[in-house]
Amino acid sequence: MAAASLLYPACALLRRLPAAPHLSRSASFKRFDRVRRFSPAAMSTSSGLKEAPDNNPGLQTEIDPATKGYFLQQTMLRVKDPKVSLDFYSRVMGMSLLKRLDFEELKFSLYFLGYEDVTSAPADHVKRTEWTFRQKATLELTHNWGTENDPEFKGYHNGNSDPRGFGHIGVTVDDVYKACERFERLGVEFVKKPNDGKIKGVAFIKDPDGYWIEIFDHTIGTLTASAS
């Protein structure tokens, strides 16, 4: 929703409040102030930065020292056919396979992909696993054996149809338009091309399992200025 649509005059917002005849005029304005302080428009200006604690109820700034060293390491997606998915994420998206783990008893495999230089990865199985889990923002593809050959398997929910939940992953590129021209040549399916919709310069594509991938470049700060 555009920020401008959230800016209501005080009198208009007061008219929207439920009737409260038992309150005095001063009490009514105090009641309005409580609403105003927690409206998105007011929150954006109360202390400068929208990211400031005062503007984000529930946000804690006293970070527990016990969490020092935590970082986001992986996002997991279930895939139907690893051969198809590995081709897409390596050939189309330029990722490398950091580590593969096969669990024979449980009949599933994990494929960890990312943009790290794998030439620096250890050859030893255990050390390479440890190295992989030290990398940030990796993609974990989970394959439950047999789905690739199962005619009854209809695929996984991508989160973007009802009931909605998971949305997408995001990948930064050097130039979103050039990247999307290449995606078109490679036959990639688009959800949104860079010039579609109101927000230009941002695209969404689909991977072989239908998961959405947001594509953007360094201009994202300018493109999202209307949201600030």
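Here, residue 1 is simply the first one shown, and the rest follow in order.
Cβ coordinates come from backbone N, Cα and C, glycine included.
Record check: TrEMBL places Q74, E140, H168 at the Zn(2+) site, and the matching candidate among E105, E214 is E214. In the three-state DSSP reading, E140 (Zn(2+) binding site) counts as strand. Put simply, E214 (active site, proton donor/acceptor) is 17 Å from Q74 (Zn(2+) binding site) when counted between their Cα atoms. Remark: secondary structure over the domain 'VOC' (71-218) totals 35 helix, 45 strand, 68 coil, with classes taken from DSSP.
Q74 (Zn(2+) binding site) is surrounded by 16 other CB atoms, counting those within 10 A of its CB over all protein chains shown.
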